[in-house]
Amino acid sequence: MRSSEGAFHVVSLYCSRLSTGTFSQTQSDLDPENTGFIAVENFTSLVEHHELQLDPSKLDMLLALVQSNEEGQVCYQELIELMSSKRSSSFRRAIANGRRTLQREILLDETGLGLYKRFVRYVAYEILPCETDRRWYFHQNRLCPPPVFIAIVTIVQIIVFMCYGIMLNKWVLQTYQPDFMKSPLVYHPGHRAQVWRFFSYMFMHVGLEQLGFNALLQLMIGVPLEMVHGILRISLLYMAGVLAGSLTVSITDMRAPVVGGSGGVYALCSAHLANVVMNWAGMRCPYKLLRMILALVCMSSEVGRAVWLRFSPPLPSSGPQPSFMAHLSGAVVGISMGLLILRSYEESLQKQCSWWVIVFSFITFLLFAIFWNIFAYELLGVQIPPPP
């Protein structure tokens with residue numbers, strides 16, 4: 001263990017020297033030939049002169065990183081990413097190849113945990129498919145920044161629904177009320193020049209049943225995802241699903257309005273379910289098959305309900321009812337962009353070619369939808385119902 005402590009201190013010393021600008025001195029100590037790699041023998045020779053109290057999770061990762069390399073070399077960049085709590089795809093592969101060298105017990109065997117740490121462990125096993133990733137998340141987890149995005153979106157949706165429910169004195173099938181469709185938040189093809197409606201429709205809902213379904217899934221799946229993958233990635237995924245939903249409706253169901261946060265919700269759910277299927281053997285969440293079937297049944301039922309309301313409205317209405325295409329486009333965003341995000345835990349998306357392919361595809365779709373909304377309605381002679 002003394003040798004390992006010294007190794008960890010060498011890396012810490014190296015990182016501190018990077019921040020103070022003495023890179024050349026450290027590089028000459030650990031990498032005299034300036035190759036960008038540290039030979040294991042050079043690393044070991046410096047170990048004897050240093051001691052330090054260790055972060056157990058980083059010690060395990062460092063040992064796995066060193067022992068997994070067949071050529072006896074350690075990349076400088078991988079060590080820096082380890083010390084800064086960031087990991088590249090090469091680091092993930094190195095850890096995966098050396099996971100047999102990890103000596104600590106699995107995370108489920110941790111005892112004496114408080115309520116919050118037990119919840120963090122539960123989230124780790126719900127979301128992450130690899131034991132190394134689960135341990136890394138468990139030891140690195142911090143309350144700052146808190147997972148507030150999904151919570152704030154859900155609270156605003158509930159407040160908006162309550163306001164319109166009180167104003168209309170109606171809690172189901174609110175879209176049949178003319179005053180509801182007059183809201184500046186609803187996406188309506190007659191108001192598509194008002195760009196904010198392509199996003200703000202996510203705060204409006206058909207009724208209590210749609211709001212309850214969306215809010216439940218957002219909190220059960222979105223909050224754990226945000227805890228693990230961070231507010232930036234999950235908010236990006238959610239909002240991409242919302243935007244794709246309204247744009248898809250404007251292209252495929254040109255006369256229909258849109259309400260509800262289903263585009264974002266289905267992006268989150270589809271990404272998580274696809275990640276579970278792709279990593280089925282590694283996922284340790286209990287009753288995963290039963291929960292998978294239940295989730296698919298609920299999501300399919302919600303789509304079926306939306307299709308029924310769109311084409312067979314139970315009450316007379318002054319115009320087309322909200323489209324169901326936002327559900328489907330959100331699922332597509334989740335399976336494409338979302339799956340890549342969830343599979344890239346603590347990895348840089350910018351360094352992955354597949355990420356830029358997805359971004360390019362989404363931007364292409366966005367530009368096409370913009371031109372479609374500007375020119376296609378008039379060219380095709382679409383009869384848009386008068387906006388309320």
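Every residue, even glycine, has its Cβ placed from backbone N, Cα and C.
The following features are taken from TrEMBL:
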type	residues	note
TRANSMEM	148-167	transmembrane segment
DOMAIN	193-343	domain 'Peptidase S54 rhomboid'
TRANSMEM	198-219	transmembrane segment
TRANSMEM	231-251	transmembrane segment
ACT_SITE	Ser262	active site, nucleophile
TRANSMEM	263-281	transmembrane segment
TRANSMEM	293-311	transmembrane segment
TRANSMEM	323-342	transmembrane segment
ACT_SITE	His327	active site
TRANSMEM	354-375	transmembrane segment
Checklist outcome for this item: Between the C-alpha atoms of the residue listed as 'active site, nucleophile' and His327 (active site), the distance in angstrom, to the nearest integer, is 5
Item to check | Distant-in-sequence Cβ neighbours of the residue listed as 'active site', under 8 Å, six or more positions away | outcome: Gly245, Ser262, Gly263, Tyr266, Met299, Glu302, Val303, Ala306
Checklist entry - Are there at least 3 C-beta pairs under 8 angstroms linking the transmembrane segment (354-375) and the transmembrane segment (293-311), leaving out pairs fewer than 6 apart in sequence? => result no
Checklist entry - What stretch, picked from 198-219, 231-251, 263-281, 323-342, 354-375, has the most CB pairs under 8 A with the transmembrane segment (148-167)? => result 198-219
Item to check | Chain residues in Cβ proximity to the transmembrane segment (354-375) (below 8 Å; excluding those fewer than six residues from its ends, i.e. six or more beyond) | outcome: 192, 240, 243-244, 247-248, 250-251, 333, 336-337, 340, 344
Checklist outcome for this item: On average, residues of the domain 'Peptidase S54 rhomboid' (193-343) score a pLDDT of 93
Checklist entry - By a simple count, how many Cβ atoms lie within 10 Å of the Cβ of Ser262 (active site, nucleophile), its own Cβ left out? => result 34
